[in-house]
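Quick look at what TrEMBL annotates:
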- A:60-406: domain 'Amidohydrolase-related' (DOMAIN)
- A:HIS67, A:HIS69, A:HIS215, A:ASP303: Zn(2+) binding site (BINDING)
- A:GLU96, A:ARG148, A:HIS188, A:GLU218, A:ASP303: substrate binding site (BINDING)
Number of protein chains: 2
Amino acid sequence: MTRLLINRGTFVTMDDQKAEFQGWMAIEGDRIAGIGSGPAPEEEVARATETLDGTGLLFMPGLVNTHGHAAMSLLRGLADDLALQDWLQNHMWPTEAKFTSDDVYWGSALAAAEMIKSGTTTFVDMYDHMNRVGEVVDQSGMRASLARGVIGLCPEDVQKAKLNDAIQFAKDWHGAANGRISVMISPHAPYTCPPDFIRKFVEASHELDLPMHTHMSETIAEVEQNVRDYGCRPVEHLDRLGMFSRPTLVAHAVHLNDEEIALLAERRVAVSHNPISNLKLASGVARVPDLLKAGVTVSLGTDSAASNNNLDLFQEISTAALLHKGVSGDPTVVPASEALRLGTVNGARSIGLEGVTGQLKPGLKADFIALNLSKPHFVPHTDYVSHLAYSARGSDVVHVWVDGKQLLRNGQLLTLDEDKIMAEAERCFRRLRA
Amino acid sequence: MTRLLINRGTFVTMDDQKAEFQGWMAIEGDRIAGIGSGPAPEEEVARATETLDGTGLLFMPGLVNTHGHAAMSLLRGLADDLALQDWLQNHMWPTEAKFTSDDVYWGSALAAAEMIKSGTTTFVDMYDHMNRVGEVVDQSGMRASLARGVIGLCPEDVQKAKLNDAIQFAKDWHGAANGRISVMISPHAPYTCPPDFIRKFVEASHELDLPMHTHMSETIAEVEQNVRDYGCRPVEHLDRLGMFSRPTLVAHAVHLNDEEIALLAERRVAVSHNPISNLKLASGVARVPDLLKAGVTVSLGTDSAASNNNLDLFQEISTAALLHKGVSGDPTVVPASEALRLGTVNGARSIGLEGVTGQLKPGLKADFIALNLSKPHFVPHTDYVSHLAYSARGSDVVHVWVDGKQLLRNGQLLTLDEDKIMAEAERCFRRLRA
């Protein structure tokens, strides 16, 4: 088995209190075999079948993007500066209604190319034609948690077909791509799925023993509608429907009261915070410092490129670190190290992959990235944790590995054909707009 | 005289309603000689002494960063996640007190390297040892508006020496570097300069016929102190002291009431909005949509790398476009085109350089940048104005010109020695921390 030894690197492991150190890391097959500070021990040097000089590079866990719709990268910049419902109903949904399975493939490939190049190794995706997204994950070498997201505003037979599609997708793809793909069960949102329909997803989640993922409390209007139609706010509503008896990841969770935060903490519901999408659509600012204080696992998502408009998770990390200080008036909330946790280990935890990815630690999968430190914006060397949270950009990433396999080398994609993907994505967009 | 013809490029001029077009641009000496859509006219092709194929590149005006303290790049990441006064008094000021003229030179050179590489061609700087900043501007080829920023919390003789230093700097450097350097007169802030001292700066500004620059209303505490000590809020205070009888650029202006916004508009005071620094220090969120509605010229500043922590103005542009939507609840405020104006033409206007830089237009100085469009995050080609505001990063910039002279080619600095600057900046920081 191959054994890669990286020596003389700078490491930020997200594993312990020792924020950064100079040292070495050994990768055997798809796993991290060892890591330590100082020069690599002689026995590590002897066992290595391959060596990488880590001088000038910072190694950290690959980033985990916990909410998105990859295929919507085809709609980047199509309709900006609009309110969520106008944007969804008059721009996104009509164009998406024309999406073919081919569009989903190329849109997702475009997203995968962008994510790998900016340091994301694991992503959550909720969309349609999910087998095509699965193909992209398989081919790209990324890790992903995928969900057939179902909108239930349709006749019962269509609902049933969609539910069956989601269940079939789970059966076909959970554990696929050498285990890099896991599946979640995903009613789109409480405002787009009737209660009885959501119950069926909860049942499927129990039967298949898979976690759940949904949009929740993204806008005030949606919370008000929930109260009007169902007599309670979304957290209580979903709890009553049994969703939180399953491991659940909710996206957005912008509009929460204290009781809802306490209930999310009690039920161990994870929250995917999507700060840029929430700002762009004027949905509001999630109560992240309060969620963290209550012990809720908060991670970061880009949402789709149509409401972001890129998939650079480093931008989500810095935005999370900055936004909550300014809005709360407390400059100590979401410090640099916490912001990095949101984008790495918390991301893994929120999709059941803690102990698998999100940290550099012996026994974990070798999902890691390397940033080039020889850049003016990383000088001086005061504190690389600070630099990663506040100064880094996805474009600083030069190498990416998932499952011990290198996906990006010196900024070049190794598993995907970037030029072809960009051309095909452009072609798909032209056809959709014709 | 050399005449450069760029053809087959994509252009965003910031000059008119035609947001983007495919076309050509001619540069003669230090100025834009012509620009147009479609193929370059035959006479342009004939007159060119040099040609650049603009295929796959987007050309736009160089960005204008209207508030910063370049030398403080030496303190990047030194003290994060602290309140402004704690950060200033216990971390920044004690370290800065040790700054030598050499530190200012290398810290400013580090900032210049970072700014050029991320597309900024003109910057405002307020600091000490300004002749060394002037040297950096001269050597780097950038354009700058420089101010000796004076804190007046000191004995009268020291005050006098500082004022004389500011005046001498203005006399020595205004118009220097082939006119690329202009000078502003700059009392640091109403809370750090007694009223009589500010009056002397206003007098100097009149005598030298130079504009003024100051920090104003960055924090609530500062506004309260102003009311307590001088019986009015900072805008009225500075107006009473005569500052607004001069062209003035104020940085921050976070805490303003309606009357203050109206007075700033009436006095044609320009505001440098520093969204990232204001968030990081938890100072608050400036009322940018209200300022724009009142007709105030709002531009963008990074502030120093110590409170940002990078100098990538594209991040300021996207943050300005995003933040005010989320905080106001109105997704239509600060649309993409407006955000780009803040970072270009408004920046030029706010320092008296409208008609000189900030747009692509015949007769203006040839200060422009080129971004590489062959990147996944610029696909599909829906709307490049949107992509520039929401998806671009400084690292997309590949070429930079100021005064018709190329400063960056394929991401490589042509006027500055990047490796030497990074090493010297690191050395300065080590000495300051010793």
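Backbone N, Cα and C define each Cβ position, glycine as well.
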Original post:
To the nearest whole angstrom, what is the C-alpha distance linking A:ARG148 (substrate binding site) and A:HIS215 (Zn(2+) binding site)?
Top reply: 13
Subject >> Cα-Cα distance maximum in Å, computed over every pair in A:GLU96, A:ARG148, A:HIS188, A:GLU218, A:ASP303 that the record assigns to substrate >> reply: 20
Original post:
Are there any residues in the same chain, six or more apart in sequence, whose C-beta is under 8 angstroms from the C-beta of A:GLU218 (substrate binding site), and if so which?
Top reply: A:LEU84, A:ALA189, A:ALA251, A:HIS252, A:VAL254, A:HIS255, A:ASN278, A:LEU281, A:SER283
Original post:
Can you tell which of the binding-site residues A:HIS67, A:HIS69, A:HIS215, A:ASP303 lies nearest to A:GLU96 (substrate binding site) in space, using Cα positions?
Top reply: A:HIS69
Subject >> Inter-residue C-alpha distance, A:HIS67 (Zn(2+) binding site) and A:HIS188 (substrate binding site) (nearest angstrom) >> reply: 12
Original post:
At the level of the C-alpha atoms, what whole-angstrom distance separates A:ASP303 (Zn(2+) binding site) and A:HIS188 (substrate binding site)?
Top reply: 13
Original post:
What does DSSP call A:HIS215 (Zn(2+) binding site) in the simple three-state scheme?
Top reply: strand
**OP:** Restricting to the domain 'Amidohydrolase-related' (A:60-406), report the mean pLDDT as a whole number.
**Re:** 97
Original post:
Going along the chain, which residues six or more apart from A:HIS69 (Zn(2+) binding site) have their CB under 8 A from its CB?
Top reply: A:ASP125, A:MET126, A:TYR127, A:GLY149, A:ASP303, A:SER304, A:ALA306
Original post:
So how many other Cβ atoms are close to A:HIS67 (Zn(2+) binding site), meaning within 10 Å of its Cβ?
Top reply: 27
**OP:** Return the residues near A:HIS188 (substrate binding site), defined as same-chain residues 6+ apart in sequence whose C-beta is under 8 angstroms from its C-beta, sorted by sequence, else 'none'.
**Re:** A:MET126, A:GLY149, A:VAL150, A:ILE151, A:GLY152, A:THR214, A:HIS215
**OP:** Using all protein chains in view, find how many other C-beta atoms are within 10 Å of the C-beta of A:ASP303 (Zn(2+) binding site).
**Re:** 26
**OP:** Could you name the residues, excluding A:HIS67, A:HIS69, A:HIS215, A:ASP303, of the same chain that surround the Zn(2+) site, i.e. Cβ within 8 Å of the Cβ centre of those residues, in sequence order?
**Re:** A:GLY68, A:MET126, A:ALA251, A:HIS252, A:SER272, A:ASN274, A:SER277, A:GLY301, A:SER304
**OP:** Rank the binding-site residues A:GLU96, A:ARG148, A:HIS215 by the number of other Cβ atoms within 10 Å of each Cβ, and give the residue at the low end.
**Re:** A:GLU96
